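One structure below.
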Amino acid sequence: MSTLAFEKWEGLGNDFVVVEVSSEQAVSPEQARLLCDRHRGIGADGVLLVIGGGTPRMVVLNADGSRPEMCGNGLRCVAAFLAERGGAEGLSMMIGTDAGDKACVIERRGPGLYDVTVDMGRATMGPRLEVEAEGKRHGFTTVDVGNPHAITFEPYAEAEVDRLGPKVATAPAGGINVEFCRVLDEGARTRIAVTVWERGVGRTLACGTGACAVAAAACEEGRAARAAPIEVVLPGGALEITVDEARGLQMKGPARRVFRGTWESSFDLGEGRTTPASWAGESTP
Ligand SMILES: N[C@H](CCC[C@H](N)C(=O)O)C(=O)O
């Protein structure tokens, strides 16, 4: 019987199964769907594969098994996971992703609790996205921050988010993450409330790349000033995003280890559903 050692991490309630593996093929899309299943598996919004080496790498698998380019909350969790393995208090490191290498600075706040600042790179504004739904045309600003995002500052009720979110998320080829935004106030610090429908997941409590995309769109549309920190308020908590002409996007937020575990691969789920015969050559060290 082979087993898979994992850690459960979360960033503002966006939660992940973190596994250290030697190859990207160690967890298949089907295995990722099972691990993320909140009734038959561990339960998570995604799986983060950590591949060691000169520059450690993060590969992301969404709960539906798809592989996105990047995950902001996940990258903070992987940076903290690696810092914890190294036993260091304050630490900075580069981590490779499918959207390029990202610089991370980790500050330990307590056992399994960290604040992480990530240089997220630059946002690229895309074409307007128009989606026909429920007899109306809905317009979105598109922003790429390594992965794609559709953003609106039009007021939508919660129920509309659940109806419109999946329609927009699957409208363009390859899918897109969807953020419904509201500027809370433009006092000393701009605060933007965001509800997220994520590609390959659905509703999540937070989206790090989404928060960056929203801050970039807000600056582009004159709803927020560049260089000053923008507080993006998500259902799971707030992220501090800075849109800097020279340095690009910076994201600061928490990462927390929830628990460690071991997945047994001979585990029969009943109803003829069994876990994958074995993990691709991965077993606990
Ligand atoms: N569902 C996203 C990936 C996870 C992004 C999100 N969890 C974050 O923190 O950035 C996508 O398909 O692009």
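Placed from the backbone N, Cα and C atoms, the Cβ positions cover glycine too.
Per TrEMBL, these features apply:
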BINDING   N14, N62, G72, N73, N147, N177, E198, R199, G208, T209  substrate binding site
ACT_SITE  C71  active site, proton donor
ACT_SITE  C71  active site
ACT_SITE  C207  active site, proton acceptor
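Feature map: TrEMBL annotations on the structure.
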residue	record	Cβ neighbours (10 Å)
N14	substrate binding site	30
C71	active site, proton donor	30
G72	substrate binding site	30
N147	substrate binding site	26
E198	substrate binding site	29
C207	active site, proton acceptor	33
G208	substrate binding site	28
| task | Between N147 (substrate binding site) and C71 (active site, proton donor), find the distance joining the two CA atoms and give it rounded to the nearest Å. | result | 8
| Among the substrate-binding set N14, N62, G72, N73, N147, N177, E198, R199, G208, T209, as the record gives it, the longest Cα-Cα distance in Å | 17
| If the substrate site is taken as the center of the Cβ atoms of N14, N62, G72, N73, N147, N177, E198, R199, G208, T209, which further residues of that chain fall within 8 Å of it by their Cβ? | P68, M70, C71, G74, V196, V201, T204, C207, G210
| Separation of alpha carbons, the residue listed as 'active site, proton acceptor' and G72 (substrate binding site) (Å) | 7
| message | Under DSSP, is C71 (active site, proton donor) part of a helix or a strand, or is it coil? | response | coil
